[in-house]
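Straight from TrEMBL, the features:
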{"type": "DOMAIN", "residues": "B:55-86", "note": "domain '4Fe-4S ferredoxin-type'"}
{"type": "BINDING", "residues": "B:66, B:69, B:72, B:117", "note": "[4Fe-4S] cluster 1 binding site"}
{"type": "BINDING", "residues": "B:76, B:107, B:110, B:113", "note": "[4Fe-4S] cluster 2 binding site"}
{"type": "DOMAIN", "residues": "B:98-127", "note": "domain '4Fe-4S ferredoxin-type'"}
């Protein structure tokens with residue numbers, strides 16, 4: 001980004017020496033002179049420059065004197081070359097810069113008092129610094145304000161035409177939603193075609209605007225920047241773990257700002273060192289649920305058919321009595337617990353400690369079970385660690401990236417920005433294999449549209465093509481010739497042409513993709529919801545690992561098989577042992593050494609190994625009456641799982657259901673006790689993001705109403721049940737985790753993991769691989785030709801984002817099925833026409849709407865909404881090894897109702 | 001001690017001379033014009049620069065001057081001002097102060113807020129009587145401040161004049177901030193007051 005050194009990760013740029021203000025500075029050849037100067041700690045003003053994109057050179061502020069030139073030069077567009085002699089200070093430069101400020105100010109309205117950027121405005125700072133007091137020929141623009149967009153207002157009177165917004169949108173985010181247009185005698189920034197802005201609404205244009213020309217609709221006119229308390233914390237929408245600043249005033253969240261701003265072009269740029277520091281629409285505009293009116297403020301206790309507010313003490317006494325009662329009557333195995341991966345590491349750790357030591361039950365699970373567990377198990381089984389091996393930097397510098405079954409720009413937008421950077425700066429080849437027309441597919445060099453539900457067959461084809469073309473890495477397979485023979489034998493009765501007909505992409509395409517992935521030095525495999533949330537997710541991840549192994553990409557720097565997580569702390573939930581099969585630190589629960597270590601540390605005996613139940617098993621046992629009490633923290637299985645799982649009847653059979661949540665969820669309405677919990681803005685803690693980085697969550701405001709942090713409630717519960725827990729803050733829990741898992745708190749720099757596949761490839765690989773690759777065709781049903789997929793939208797995350805009015809305003813629940821326009825025409829449907837959708841699980845009547853992202857014969861409904869209950873059409877298939885339920889894809893028939 | 005001084009002393013003691021001497025001052029003042037003001041009944045004439053109660057002003061057409069810019073809050077050394085601003089729902093793009101509080105018990109009457117105000121919406125008046133039974137009423141809200149402004153409009157204007165902030169009605173128009181309109185159609189003429 002910016003003027004990059006004449007280099008790529010493979011070739012190191014030559015070092016050159018130049019003199020800046022009499023000091024010799026060493027720099028890389030070909031970088032922007034401005035970057036060299038600012039790396040020495042000097043701050044020279046620049047209003048149109050930001051290092052994340054190419055210099056534009058319109059503001060004329062970054063002037064420096066170069067020896068041998070008469071006039072000052074613009075340092076941003078100048079390239080650093082050897083032997084330059086540069087002067088950055090002096091009376092002449094000051095006057096030249098002052099002239100530039102006066103030029104900008106002469107067409108800038110002096111409306112600082114009402115401007116939102118007042119106090120955070122580069123033009124204001126520069127006018128002050130250069131002492132501009134009199135303007136000879138000031139002119140006003142009188143441009144009406146563009147308020148048509150849903151989240152941003154464009155006041156082009158204030159614009160200084162620096163084009164930072166346009167450049168960041170086009171170059172960094174590759175969205176290209178803004179342009180210059182000459183209107184009323186002035187160059188103005190308008191949305192493409194002068195239409196109301198309709199884009200991904202990431203708001204990075206707002207962040208880089210050095211003046212107040214682009215303003216945030218949510219916080220417009222409310223407060224000045226200096227009035228708000230700014231708290232650096234971690235976003236809790238997806239697994240990217242973006243850093244953000246929550247700006248609060250008393251108990252109100254006013255706005256969210258990103259580390260990316262016009263300010264961080266100076267200094268060490270530490271805030272934006274990992275990535276570009278921007279946010280997505282969820283992070284920036286989805287903060288309103290934090291202080292929403294619908295938040296629970298008091299504990300609720302069921303009295304008859306109603307939930308009645310009660311004081312904390314009374315509610316807690318009752319909860320404790322009922323738990324004690326259940327434990328005495330039915331034993332510890334009658335108690336189970338579920339927790340969401342939106343909780344902090346400390347709370348997840350405390351939860352499993354509470355379940356295992358206080359309740360004495362090993363029936364516990366987290367929402368990582370909905371998909372991430374497939375990846376963790378596969379990776380642990382094959383390579384010995386249960387997380388992604390690559391970080392964002394590896395993604396940026398990859399030469400080839402295979403994205404399979406992932407709508408990455410929608411689910412994890414900021415990881416997608418890393419891939420965009422790889423495409424743009426390092427010219428990476430990106431292969432996208434998906435059954436929908438994804439955004440990343442439009443940017444990729446090799447986009448392929450596959451038939452829905454055939455991701456597994458696609459990987460078969462890739463492995464087959466690699467072996468057929470002899471693209472295997474000799475070093476990798478020579479260590480395990482037997483395993484390779486077994487793999488070859490397993491694939492012997494699979495033909496590429498057959499797979500091509502199953503999956504809808506040609507055999508040549510397979511050959512091309514496998515050649516790309518095998519031949520480049522750094523290739524990354526990325527699989528997400530299309531693999532891990534679908535049937536055979538575990539096996540498909542293992543197949544990808546096979547592919548990485550035979551192409552020699554296991555353990556190579558910058559290579560590996562990765563996944564994306566939907567919730568912020570799914571990785572943390574696994575690492576903290578919130579699963580019946582894991583102890584903290586991913587030790588197996590039946591591993592005697594690990595058990596001894598933790599039972600000694602916790603001064604108790606752990607529950608027996610054989611009994612632990614995971615999510616689906618817990619629900620099954622609730623239904624059969626084996627489990628009598630369920631403790632649910634932030635989870636909402638009733639609204640998530642299809643009706644065929646019969647969650648409602650399972651919950652109704654419970655003697656005690658305690659739900660702890662910031663909101664009254666569907667599951668909460670069934671509960672006997674609802675305890676109000678805090679959101680991430682009201683507590684301290686850490687999240688572990690998808691790279692394995694542990695990121696701080698800081699308290700930005702006081703808890704809403706009487707709500708309490710989850711760890712606080714759990715500690716109180718444990719102490720009332722007879723434990724002696726002395727945690728007074730999240731920090732105390734952190735100290736305990738630090739002792740038990742040394743090195744887990746990695747301060748933003750995860751330990752590099754090295755895959756150890758030897759064990760896996762030598763022991764029982766042959767038997768495993770025989771069943772993994774099958775020559776059977778994908779199941780199709782002539783009566784149900786359409787694939788119905790439920791997935792995530794860019795604007796939403798889980799059910800939580802639906803509590804944020806701002807996000808609902810951008811993407812409301814249309815209640816309509818999204819279909820391919822061609823299909824709609826074929827069936828004679830208009831937008832809004834009611835159709836009957838029938839799957840093997842039932843049928844439903846709902847409207848349709850065209851969606852350009854849908855391929856022919858597929859349709860889509862966002863998983864965030866249950867109105868109408870499309871999720872109930874889904875069949876649930878539980879993975880035999882990992883217990884992951886998959887219910888995001890089914891076959892349906894569509895006819896006019 | 002001589003006989004004369006002794007006699008004098010005895011005479012003074014017998015006739016209560018010290019008392020008569022002291023009463024002389026008292027009796028003399030009975031015929032003077034009084035120096036003190038009989039405060040509640042009599043009021044002092046104050047200079048125009050007097051820094052009394054703060055007030056909020058309106059333009060001649062009745063519009064609130066205040067644009068809710070919070071600069072007074074930033075300038076206040078005793079942190080007694082609180083401004084909450086928002087967009088006027090009836091007139092889009094118009095910023096105004098929804099709430100405006102001045103805790104007059106904390107105010108040190110320095111006048112910095114008046115100096116900071118870019119639209120001369122704040123001014124000080126000659127009102128200085130704050131005594132009340134309820135201390136809570138000394139937290140002046142927006143309505144109270146506008147009331148004071150209305151009641152003491154001439155004093156407020158004199159204050160601004162005396163402090164070289166605003167000269168006359170004509171010049172005060174220059175301080176007025178006109179908000180932009182929103183885009184309604186592709187080409188639209190500039191509003192009247194701007195042309």
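Every residue, even glycine, has its Cβ placed from backbone N, Cα and C.
Because TrEMBL annotations are produced automatically, they should be read as predictions rather than curated entries.
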**Study point:** Among B:66, B:69, B:76, B:110 (the binding-site residues), residues with Cβ under 8 Å to chain A, listed in sequence order
**Key:** B:69
Review point. Which sequence positions outside the domain '4Fe-4S ferredoxin-type' (B:98-127), separated from its termini by at least 6 residues, show Cβ-Cβ distances below 8 Å to it?
Key: 46, 50-57, 64-69, 71-72, 74-86, 135, 138-142, 145, 148-149, 151-152, 155-157, 159-160, 163, 165-166, 172, 175-177
Exercise for review: Calculate the per-residue pLDDT averaged over the domain '4Fe-4S ferredoxin-type' (B:55-86) and state the result as an integer.
Suggested key: 91
Exercise for review: Using C-alpha atoms only, work out the spacing between residue B:69 ([4Fe-4S] cluster 1 binding site) and residue B:107 ([4Fe-4S] cluster 2 binding site) and round it to an integer in Å.
Suggested key: 19
Exercise for review: Measure from the CA atom of residue B:66 ([4Fe-4S] cluster 1 binding site) to the CA atom of residue B:76 ([4Fe-4S] cluster 2 binding site) and give the result in Å, rounded to a whole number.
Suggested key: 16
Exercise for review: May I ask which of the binding-site residues B:107, B:110, B:113 is closest to residue B:72 ([4Fe-4S] cluster 1 binding site) if we compare their C-alpha atoms?
Suggested key: B:113
Check your understanding: In angstrom units, rounded to an integer, how far apart are the Cα atoms of residue B:66 ([4Fe-4S] cluster 1 binding site) and residue B:113 ([4Fe-4S] cluster 2 binding site)?
Key -> 12
Practice item. Output, ordered by sequence, the same-chain residues six or more apart from residue B:107 ([4Fe-4S] cluster 2 binding site) with a CB under 8 Å from its CB, or 'none'. Key: B:54, B:78, B:80
Check your understanding: If the [4Fe-4S] cluster 2 site is taken as the center of the Cβ atoms of B:76, B:107, B:110, B:113, which further residues of that chain fall within 8 Å of it by their Cβ?
Key -> B:54, B:72, B:75, B:77, B:78, B:80, B:81, B:102, B:108, B:109, B:111, B:112
Study note, to complete from the structure: When the binding-site residues B:66, B:72, B:110, B:113 are compared by other Cβ atoms within 10 Å, fewest goes to B:110
Check your understanding: Since the record lists B:69, B:76, B:117 as binding-site residues, which of them has the fewest other Cβ atoms within 10 Å of its Cβ?
Key -> B:76
**Study point:** Residue distribution over DSSP helix, strand and coil in the domain '4Fe-4S ferredoxin-type' (B:98-127)
**Key:** 5 helix, 9 strand, 16 coil
Revision key, fill the gap. Cα of residue B:110 ([4Fe-4S] cluster 2 binding site) to Cα of residue B:117 ([4Fe-4S] cluster 1 binding site), in Å and rounded, measures 14
